[in-house]
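The next block holds one structure in the form of structure tokens; read it before the comments.
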Amino acid sequence: MLKLFSAFRKNKIWDFNGGIHPPEMKTQSNGTPLRQVPLAQRFVIPLKQHIGAEGELCVSVGDKVLRGQPLTRGRGKMLPVHAPTSGTVTAIAPHSTAHPSALAELSVIIDADGEDCWIPRDGWADYRTRSREELIERIHQFGVAGLGGAGFPTGVKLQGGGDKIETLIINAAECEPYITADDRLMQDCAAQVVEGIRILAHILQPREILIGIEDNKPQAISMLRAVLADSNDISLRVIPTKYPSGGAKQLTYILTGKQVPHGGRSSDIGVLMQNVGTAYAVKRAVIDGEPITERVVTLTGEAIARPGNVWARLGTPVRHLLNDAGFCPSADQMVIMGGPLMGFTLPWLDVPVVKITNCLLAPSANELGEPQEEQSCIRCSACADACPADLLPQQLYWFSKGQQHDKATTHNIADCIECGACAWVCPSNIPLVQYFRQEKAEIAAIRQEEKRAAEAKARFEARQARLEREKAARLERHKSAAVQPAAKDKDAIAAALARVKEKQAQATQPIVIKAGERPDNSAIIAAREARKAQARAKQAELQQTNDAATVADPRKTAVEAAIARAKARKLEQQQANAEPEEQVDPRKAAVEAAIARAKARKLEQQQANAEPEEQVDPRKAAVEAAIARAKARKLEQQQTNAEPEEQVDPRKAAVEAAIARAKARKLEQQQANAEPEEQVDPRKAAVEAAIARAKARKLEQQQTNAEPEEQVDPRKAAVAAAIARAQAKKAAQQKVVNED
């Protein structure tokens, strides 16, 4: 009958499936009041102590900071962190943090100055006059986060609740063994906790406020009832001790009978839950104006001489707290951050205390039992019976081990609260929670990669669409900016295009010549004749210019005559070289000799005509004669070298000798004409006479060597000798005259 009446009572409670009853081990630490810990010399404050992104730094190395001074800026979901004491920022660098793998995260390292000075604190005792938005912003900027273990920013959680929250639940269950931080906080600070609950209720305006606490905390229950004696707006619900009654979904079901849907949140059913420690931090932030710089931490385990609960500054090294509590480590000492079921072993003791650190457990070697070897799953289903989330841990174990992420997701692995109840009851000692944590991390990484790929695809498609729009707009501008030509311009353009097309058609049209017909090349012939006539006219003008220049300058005329004679001799050599085996025609040679003599006479006449205008310098004439004689000698040598095997024609040699003698006479006449004005040096004349005699003798020797096989005509030889003797006599007479 009593059970029937209790079912209709207003404070009815429900029970969830599964759960376990491990040894509580709470009496080690809940019997002593909260105490302060001496300040450490150095504090390490990680920038990320919550779920979400880290804040933006607002301090630099070397800055002096005070307790409560912001070290980062909280924008959006980024929660700021604050200096736990006054001191100097000595470094901003990665440091190992509270993580199973001791991952390094960016941290601010502060050396304490020992003064522990606060920033100016501005409390809002009249918080009821403040708006909801102002209170949420203050809570957020003062760094308040969920202190029950999740670390979700409280301001963001309150903002997301909105006006749809009907029930505010304060979680005071603290169901995990060894942990007594909330129990001791409620015993020592019950009034402040209730005041923080009222601030949360003022922000959310719920229909009911429930405090859920397990029946294994009688002192805390007594203190809360004493504070709530005159209050009807807050209801205290004492629930049976069962692990994990402190889970958000489990406690919600116990107090309201409502189940949070798979993949959903408690706010979907009009429920919002906050921890006891969070309510206390809200009170200190709003009323006292103090950012969260410390929290209650349980120090327990048989390896600690003075177990209890302490106010630990955030950023304090774990080693400092344990040493203050009389830590006596063994050879293979293990230190667990958190409880024995949901906590993790610290790889080393220099990691700092953060906002989610609620317990430091240092058990002795035999306190938690000997670690046993993992064995194969026997499919006993004991884990499924103990699971408070109604999951199938054995199936999730196989899926996690086989990397079957889709099947693990289908079996709601995301609903696992990692309470460790399945691993506690497993007879094969399988660390199921470790497999589930790893699998959830891999699934989260895959989803994050898919999200980045989708965002990249969206950015690419948006960029392509933007480029297409810009291209279309650019083409439209070009079309609108194009100027349409007038009618007259259109006709001119059309005519020009027609001419171009006609020329292209003519150029590409092949020339076809029918059989028996002659091509009409009259145009080409006429153009060629015109070009020839133009060239002849230019040549005639050039010749007239050259003739006028030659008549005006007797020296140039003499040079041209010498060039002509050299060309004649070169032509004779080329003909001799081109016909080595052919007999020279004597008639042709005589004709060429006559032509050469005619050219020589013509040049002499030109010189004679030019002489009246300008008197020739006898010295220059002598130099030119010497040059002519040198050229004659060089030509004779070239002829001798070019025709070593060829029989020399005696007639041709006689002609050349006659030409040479004529040149000599011509030079002598020029010298005689030049003598009246200038006396010739007798020594030079004697030298020239000797040179002439030597040349004559050399010519006779060449003729003798060139005609070894042919009989020399005695008459011609006698004539040549007489001529040579006459030249010698004449030179001697000239020498005598010069000497007189």
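Keep in mind that glycine also has a Cβ here, set from the backbone N, Cα and C atoms.
Within 10 Å of the C-beta of C383 ([4Fe-4S] cluster 1 binding site) we count 26 further C-beta atoms, all protein chains included. For C377, C380, C383, C426, the entry in Swiss-Prot reads [4Fe-4S] cluster 1 binding site.
Sequence-distant neighbours of C422 ([4Fe-4S] cluster 2 binding site) (same chain, 6+ residues apart, CB-CB distance under 8 A): C383, A384, A386, C387, P393, L432, V433. Here Swiss-Prot flags C387, C416, C419, C422 as [4Fe-4S] cluster 2 binding site, drawing on sequence analysis.
Per Swiss-Prot, domain '4Fe-4S ferredoxin-type 1' is recorded for 369-397, and the stated evidence type is sequence analysis. Residues 16-20, 244, 247, 249-250, 408, 411-413, 415-417, 419, 421-432, 435-436, 439 of the same chain lie 6+ residues outside the domain '4Fe-4S ferredoxin-type 1' (369-397) yet bring a C-beta within less than 8 angstroms of a C-beta in it.
Tertiary neighbourhood of the domain '4Fe-4S ferredoxin-type 2' (407-436): same-chain residues 18-20, 22, 243-244, 247-249, 262-263, 341-342, 372-378, 380, 382-389, 391-393, 395-397, 399-401, 443, selected by CB-CB distance under 8 Å and a gap of 6+ residues from either end. Residues or ranges marked as domain '4Fe-4S ferredoxin-type 2' in Swiss-Prot (evidence: sequence analysis): 407-436.
Taken from Swiss-Prot, the feature region 'Disordered' covers 602-718.
Mapped onto DSSP classes, the domain '4Fe-4S ferredoxin-type 2' (407-436) shows 17 helix, 0 strand, 13 coil.
Ranking the binding-site residues C416, C419, C426 by the number of CB atoms within 10 A of their own CB puts C419 at the top. Over all protein chains present, the Cβ of C377 ([4Fe-4S] cluster 1 binding site) has 17 other Cβ atoms lying within 10 Å. Taken through DSSP, the domain '4Fe-4S ferredoxin-type 1' (369-397) splits into 10 helix, 0 strand, 19 coil. The binding-site residues considered are C380, C387; of these, C380 has the fewest other C-beta atoms within 10 angstroms of its C-beta. Considering only the binding-site residues C377, C380, C426, C416 ([4Fe-4S] cluster 2 binding site) has C426 as its nearest partner by CA-CA distance. Taking the centre of the Cβ atoms of C377, C380, C383, C426 as the [4Fe-4S] cluster 1 site, the nearby residues of that chain (Cβ within 8 Å, site residues left out) are I378, R379, S381, A382, P393, Q394, Y397, C422, V425, P427, S428, I430, L432.
In this structure the C-alpha atoms belonging to C419 ([4Fe-4S] cluster 2 binding site) and C426 ([4Fe-4S] cluster 1 binding site) are separated by 13 Å. The residues near the [4Fe-4S] cluster 2 site, meaning same-chain residues not in C387, C416, C419, C422 whose C-beta sits within 8 angstroms of the mean position of the site's C-beta atoms, are G18, C383, A386, P388, A389, L391, P393, I417, E418, G420, A421, L432, V433, F436, in sequence order.
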